[in-house]
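J.: Got these off Swiss-Prot a minute ago, pasting:
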SIGNAL    1-21  signal peptide
TOPO_DOM  22-492  topological domain 'Virion surface'
DISULFID  Cys44-Cys318  disulfide bond
DISULFID  Cys77-Cys110  disulfide bond
DISULFID  Cys86-Cys132  disulfide bond
DISULFID  Cys171-Cys177  disulfide bond
DISULFID  Cys235-Cys287  disulfide bond
TRANSMEM  493-513  transmembrane segment
TOPO_DOM  514-531  topological domain 'Intravirion'
Amino acid sequence: MAPQTISLLWAMVCVSVYTRANRVVAPIHEPQNWKPATVDDFTCRTGFNLDFDSKFIKTKALVLKRVGQAKVKGYLCMKNRWTTTCETNWLYSKSVSHHITHVAVSAEECYNKIRDDASGNLKIESYPNPQCAWSSTVSREEDFIHISTSDVGYDMYTDTVLSPSFPGGTCKLKTCCKTIYPNIVWVPETPAQTQVRDALFDETMVTVTVEAKKVVKDSWVTGATITPSVMEGSCKKTLGSKSGILLPNGQWFSIVETGQITIQPKGSVEEKETWVNLINDLNLSDCAETQEAKVPTAEFTVYKTESMVFNILNYHLCLETVAKARSGKNLTRLDLARLAPEIPGVAHVYQLTSDGVRVGSTRYEIIAWKPTMGLDKTLGLTIVPSGNRNSETIKWIEWTRTDDGLLNGPNGIFIADGKEIVHPNLKMVSFELETYLISEHSTQLVPHPVIHSISDEIYPENYTIGGKNSYIKIHTPTAYFWSGIHWIEGAVQKLFIVVVATALIGLFILVVWLCCGCCSKSRPVRNQKWE
């Protein structure tokens, strides 16, 4: 890896420090096929952002842009029947009465009223006038509909609208909802599902890796607003009437395209399959009711950029370790930690012994790093969605002792002083760099993103890992005695501009003066006689 690239990566890392929980990819059980490691056993497995050879699908999906209740615009719609009754006797004595009756109203009648009001076709409300007849009772009635705006809440988990006017306070989302009043219903202003989609969801592109034409537990999903996540531990959850997948990290997405989806290796079309068939192979269970979806925070962009930088940086550090092994140099525990994979799945595990390094194959998962000492040394707990199954304790039984007296576990993990389980690369893999950089490196960072004082070549100096005197110099700025004192720097810059401008003006005046002098000498004097 070029020194310039290393420096640039470290600069990006230092600028985007973001502390997360200690979640690492670790082996969940010990292999049964240990063997002495040879040079060919030291390999690097690329992370999701680097694995360009893997097959994947890109498709449109809905993702949450907000959680909790949304607002659905609508109307309360009421229908009344106005009746006029005219009663006469044989002497033609007339009696007229009026009364109003509440009657049931349909959604169609409500929408007709909404359209009429919008078009200005207003109907004047008044009692009808019946034609009275001798010695008879005649009635005439006319129906009038009233509408008034009424926005209601919406619960995306139950797909119901919420209002005190509804019986029980809720109504399953549909074209019309009854209220506690027999003659009043609620109708949405526009199709409710459209309002819900616009309020809760954004449409984006997602990428999902596939193996053997299937989405498997080791498949990864990522997108413009989806944190890279493994599919294992996901469950099915319907939000806003949209069937989707809740990832282990709490993010939710729903595929928009239900037809054929292209499977691509390196961007070329290979074969087509439907998303339904792909995802059904996972046999996902339904999520627990208590499991809630999350929306990426404002830190998401920083985290995703940082994770990509870390994947690239870790991959190249791993390549350096492989080159070190193939050149016959001794490997350290930190080297073994760099060889560990960054994504779940089956991969090599390395363990230091008194005779060298041994290697085996095992399964890796994302775990919460919570080491505890005891008869069974615990590394941590598996990360699973709450409600699906209990977290599993990850233990490492067989620890090997080396000549330095330390007990060694998987991938460079060791027990220090018989009291503490130490991950040599934890600060790197868990993105907790701030303390690591301060304690292990002396860093020089540009206080502002300026380039005028940075030399053209960016390179690290004395780049070593470990040791009290080791450090990484991010870049080599052109230093002046006023560097770091901003008001002096500004004054010097302004003074420099004034001096240059004055010099240019003076040069211009000098040129003009010389030109004028030359012209005056060459011009003949008036009335002068030439001999």
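Using N, Cα and C of the backbone, Cβ positions are placed for all residues, glycine too.
Quick caveat, the model's predicted, so the values are computed rather than measured.
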J.: As a test of the contact definition, list every same-chain residue at least 6 positions from Cys77 (disulfide bond) whose Cβ is closer than 8 Å to its Cβ.
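T.: Non-local contacts for Cys77 (disulfide bond): Val105, Glu109, Cys110, Lys113, Ile145, His146, Ile147, Ile184, Val185, Trp186, Val187.
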J.: Which Cβ among the disulfide-bonded residues (Cys132, Cys318) has the fewest C-beta neighbours inside 10 Å?
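T.: Fewest other Cβ atoms within 10 Å, among the disulfide-bonded residues Cys132, Cys318, is found for Cys132.
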J.: Compare the Cα of Cys287 (disulfide bond) against each of the disulfide-bonded residues Cys86, Cys132, Cys177 and report the nearest.
T.: Cys177
J.: Average the per-residue pLDDT over the topological domain 'Virion surface' (22-492) and send me the rounded value.
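T.: Averaged over the topological domain 'Virion surface' (22-492), per-residue pLDDT gives 74.
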J.: Specify the nearest of the disulfide-bonded residues Cys44, Cys86, Cys132, Cys235 to Cys171 (disulfide bond), where nearness means the distance between Cα atoms.
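T.: Given the candidates Cys44, Cys86, Cys132, Cys235, the nearest one is Cys235.
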J.: Given the disulfide-bonded residues Cys44, Cys110, Cys171, Cys235, and counting only Cβ atoms in the protein chains shown, which has the most within 10 Å of its Cβ?
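T.: Answer by Cβ density within 10 Å: Cys110.
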J.: Roughly how many Å lie between the Cα atoms of Cys86 (disulfide bond) and Cys177 (disulfide bond), rounded to a whole value?
T.: 37
J.: Which of these disulfide-bonded residues is closest to Cys44 (disulfide bond) if you go by CA atoms: Cys132, Cys177, Cys235?
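T.: Considering only the listed disulfide-bonded residues, the nearest one is Cys235.
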J.: Out of Cys132, Cys177, Cys318, which of these disulfide-bonded residues is nearest Cys235 (disulfide bond) by C-alpha distance?
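T.: Considering only the listed disulfide-bonded residues, the nearest one is Cys177.
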J.: Could you find out if DSSP has Cys318 (disulfide bond) as helix, strand or coil?
T.: helix
J.: Round to a whole number and give the Cα-to-Cα distance in Å for the pair Cys318 (disulfide bond) and Cys177 (disulfide bond).
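T.: Per the Cα atoms, Cys318 (disulfide bond) and Cys177 (disulfide bond) stand 61 Å apart.
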J.: What is the one among the disulfide-bonded residues Cys86, Cys287 whose Cβ has the most other Cβ atoms less than or equal to 10 Å away?
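T.: Answer by Cβ density within 10 Å: Cys287.
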J.: Relative to the Cβ position of Cys177 (disulfide bond), how many further Cβ atoms are located within 10 Å?
T.: 24
